[in-house]
Amino acid sequence: MEDYSNALRPVEDTDAALNVSLQITLSQIKDMDERNQVLTTYLWIRQVWHDAYLKWDKEDYDDLEMINIPSDLVWKPDIVLYNKADEESSGPSNTNVKLRYNGEIIWDSPAITKSTCVVDVAYFPFDWQQCNLTFGSWTYNGNQVDISLGMDSGDLSDFVENVEWECHGMPAVRNVMMYGCCSDPYTEITYTLLLKRRSSFYIFNLLLPCFLISFLAPLGFYLPADSGEKVSLGVTVLLALTVFQLLVAESMPPAESMPYIGKYYIATMTMITASTSLTIFIMNIHFCGAEAKPVPHWAKVLIIDYMSKIFFVYEVGENCTTPESERTPLYPEEPMSDKAGYHDDRFNDGFYHHDSDPYKYSNGHSVHHHNNHHKSQANGSANSRHHHYNNHNNRASRLERGEAKQEPPQRYHHIRRDELDYQAASHPRSLHHLNGGFKEQILYPSEKYQIPSCPCCCPCLQHKQVVKNIQYIANCFREQRAQCVKAAEWKKVAKVMDRFFMWIFFVMVFLMSILIIAKAS
């Protein structure tokens with residue numbers, strides 16, 4: 001090797017091309033940086049060529065066929081990784097070469113390479129990636145160094161499995177390229193690494209939590225409005241999805257294409273925003289008070305009567321099998337408002353008393369008896385009162401001694417207004433006793449119904465004032481009930497709308513999840 005120079009291309013004919021065989025063995029995938037789009041691999045590179053100046057006759061050297069010498073002593077092809085991504089050299093290490101007696105040189109060297117890899121994250125985390133490793137001579141063109149394939153594909157026999165990626169092949173192809181800088185062709189070998197991402201990690205840490213959280217959004221419609229947590233639930237779910245969206249965005253490259261999981265997050269966040277807005281709108285309907293307008297007729301027919309049955313929204317005591325005639329109203333009506341005639345007769349025309357004779361009053365005197373003996377009763381009213389109180393005291397004493405007989409139940413009869421006025425003029429004390437012994441006058445809040453100073457008419461007007469006050473209280477109570485019914489109808493409208501949107505959003509979440517998973521996988 002005294003006259004040997006490692007700077008010259010070892011060929012006998014300078015016009016002939018030196019054939020270099022290249023073979024790549026993939027040992028390990030060290031890292032895949034999707035954000036920076038850099039693939040780090042550990043390769044074993046084998047280069048084989050013939051050196052015309054390094055031959056010997058093995059018989060002259062005791063049948064010595066092969067020796068190992070430092071690689072710096074021989075000429076080596078300047079084959080480099082074209083798409084390297086680091087500043088340092090990506091070529092093989094300076095290991096020894098194997099030199100055979102016929103001039104064949106075998107150079108096996110390991111190399112840790114960082115190559116650019118265009119990552120397509122559209123189907124993340126169910127994506128496939130194709131990363132190219134392009135090798136070629138940097139200074140020798142194809143007419144000087146011809147690079148050929150040692151194998152049709154990369155060797156994966158010694159591949160160490162990666163926890164994130166599965167390697168499904170490494171096909172190789174030989175290309176002859178023409179570049180603008182030079183007129184001569186350049187030979188290059190491109191290995192395509194087929195990688196499939198192991199999606200289990202991302203399913204359980206990114207996709208499944210998002211899937212479960214997205215199902216919490218429709219449940220916000222099922223939450224009672226009086227709890228005060230409907231809007232808080234929507235905001236909390238929105239913040240949780242925002243955190244997961246940031247985790248995905250940090251690991252993905254800032255490219256124009258967005259992964260399907262990112263689209264799923266955005267669609268879910270949009271849906272949760274819409275559900276929160278609808279929740280606020282429905283809560284305003286739920287808390288409609290007495291000042292609100294009544295529920296429109298179309299809303300009563302469509303929402304309360306029709307949609308409530310579809311979404312199984314019933315009041316307490318109702319179910320889907322309860323007939324419409326037996327349904328419990330939102331608020332039961334008062335008994336006095338059921339029949340107008342009964343209400344008017346009871347509170348406008350007079351009151352009831354019990355006796356066997358419909359023309360008798362409670363003191364036992366009939367109407368005809370009052371007509372015939374009006375003057376005698378007026379003159380002897382003091383004796384009548386004395387006799388009435390004595391009878392009352394005697395009855396009370398008999399009740400205490402247990403001697404009084406139980407009187408049979410008697411029917412109630414109606415007293416007309418003219419009879420009531422006549423009775424008030426004839427027997428004021430008996431009407432006073434019939435009224436239950438009122439000691440104070442209940443005045444209706446109007447000067448029109450003030451009690452006159454006439455002592456003979458005072459008890460009758462007192463009963464009229466009682467009736468007027470009862471009517472006033474009943475009207476107030478009826479108005480209050482009407483307001484309660486109106487508020488209850490608005491609450492039921494809000495509840496039906498909650499159920500409607502809950503099922504709508506459940507269907508949307510389910511279909512969206514199935515669509516994204518099916519399209520991504």
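Every residue gets a Cβ built from N, Cα and C, even glycine.
TrEMBL annotations: computationally assigned, not manually curated.
Feature annotation from TrEMBL assigns domain 'Neurotransmitter-gated ion-channel ligand-binding' to 1-198.
Per TrEMBL, transmembrane segment is recorded for 201-225 (among others).
Annotation source TrEMBL lists domain 'Neurotransmitter-gated ion-channel transmembrane' at 206-516.
Residues or ranges marked as transmembrane segment by TrEMBL: 231-252 (among others). Long-range contacts of the transmembrane segment (231-252) within its own chain (CB-CB distance under 8 A, at least 6 residues past either end) are made by residues 34-35, 121, 124, 206, 209-210, 213-214, 216-217, 219-220, 223, 259, 261-262, 265-266, 268-269, 272-273, 275-276, 279-280, 283.
The feature transmembrane segment is assigned by TrEMBL to 264-287 (among others). Note on the transmembrane segment (264-287): residues 207, 210, 213-214, 217-218, 220-221, 225, 230-231, 234-235, 237-238, 241-242, 244-245, 248, 258, 490-491, 493-495, 497-498, 501, 505, 508-509, 512-513, 516 of its chain, located 6 or more positions outside it, place their CB under 8 angstroms from a CB of the stretch.
As annotated by TrEMBL, region 'Disordered' applies to 362-413.
TrEMBL lists 397-413 with the feature compositional bias 'Basic and acidic residues'.
Note on the transmembrane segment (500-518): residues 207, 211, 214-215, 217-219, 221-222, 260-261, 263-264, 267-268, 271, 275, 278, 282, 307, 311 of its chain, located 6 or more positions outside it, place their CB under 8 angstroms from a CB of the stretch. Taken from TrEMBL, the feature transmembrane segment applies to 500-518 (among others).
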Cβ-Cβ under 8 Å with the transmembrane segment (201-225): same-chain residues at least 6 beyond its ends = 124-125, 164, 233-234, 237, 240-241, 244, 247-248, 261, 264-265, 268, 271-272, 275-276, 278-279, 282-283, 286-287, 491, 494, 498-499, 501-503, 505-506, 509, 513, 517
